[in-house]
């Protein structure tokens with residue numbers, strides 16, 4: 001259905017500090033009229049009387065907020081003629097939320113008279129039932145702002161400028177944890193490691209000499225070819241299932257050499273096949289600002305992390321001091 005046949009309405013809810021304001025700003029940049037924290041009883045009327053795409057952030061701050069009340073409001077909005085309403089639930093783990101509140105010294109809306117941790121727990125309980133009814137659940141624990149904004153723009157931006165499904169490629173270090181948003185995780189730790197070559201150790205997988213060293217592994221070509229075959233099978237099927245975003249994470253020990261090279265290599269090849277690609281090197285603190293589009297794809301049948309030593313990725317958090 002084209003954008004002139006329905007009105008987009010996006011309601012953002014979830015945990016305070018998880019990134020609702022970042023998503024709201026991304027939607028505003030995509031042409032939505034946005035309202036932050038309206039009283040829940042007024043949301044239906046605002047949609048019924050409004051024109052054009054609308055986005056709301058509704059959470060524990062909103063007067064009259066309950067999980068059941070928001071679920072009922074979503075049902076009523078979806079019954080309005082010509083309206084397509086989505087519920088987006090944003091969350092992050094407790095450690096990430098505590099870190100963001102400590103950094104900004106903002107007050108948690110449910111922490112009156114108790115600690116921030118207790119406020120976070122109370123909000124998790126208050127909103128838990130909404131996770132199951134949300135159209136999109138986003139965990140921003142390790143998600144950089146650039147990737148969060150690109151994800152939202154690709155899913156909810158104007159269809160005439162959309163690029164179809166975005167393939168997100170992430171390199172990471174296993175000791176620092178798996179990317180939570182990954183649909184598929186690949187392990188490159190068996191490949192020869194440039195870390196043990198004194199001339200290559202300080203470089204990264206973006207370096208030609210490092211790439212040549214890795215590709216000289218006797219099993220590299222087989223590994224690469226099987227990944228390519230797997231993605232040629234999976235990605236078109238993801239599109240058939242209606243996915244707008246597919247995240248593939250490739251890990252190694254340090255997240256600097258082998259995984260970085262494979263993300264760079266696969267990114268180039270996927271763009272050549274016509275996919276829209278977003279690359280993130282979590283441990284290097286590097287991320288594309290927007291998906292890099294490839295050439296028109298030949299149709300198939302049916303058609304954040306937190307780096308420690310190399311710069312920091314901005315937290316996708318309405319509490320962040322900087323703007324994205």
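Cβ coordinates are placed from backbone N, Cα and C, and glycine is handled just like the others.
Swiss-Prot lists 14, 15, 16, 17, 18, 19, 20, 21 with the feature ATP binding site, giving sequence analysis as the kind of evidence. Secondary structure at residue 19 (ATP binding site), taken from DSSP and collapsed to helix, strand or coil, is coil.
Residue 61 (GTP binding site) is surrounded by 13 other CB atoms, counting those within 10 A of its CB over all protein chains shown. Secondary structure from DSSP puts residue 61 (GTP binding site) in coil. The GTP binding site annotation in Swiss-Prot covers 59, 60, 61, 62 and rests on sequence analysis.
Residues or ranges marked as region 'Disordered' in Swiss-Prot: 286-324.
If you look up Swiss-Prot, you'll see 299-311 marked as compositional bias 'Basic and acidic residues'.
For the recorded site, residue 14 (ATP binding site), the DSSP three-state label reads strand.
In sequence order, 13, 16, 37, 58, 65, 109 are the residues of the same chain, not among 59, 60, 61, 62, whose CB sits within 8 A of the CB centroid for the GTP site. Least crowded of the binding-site residues (18, 60), judged by neighbouring Cβ atoms within 10 Å of its own Cβ: 60.
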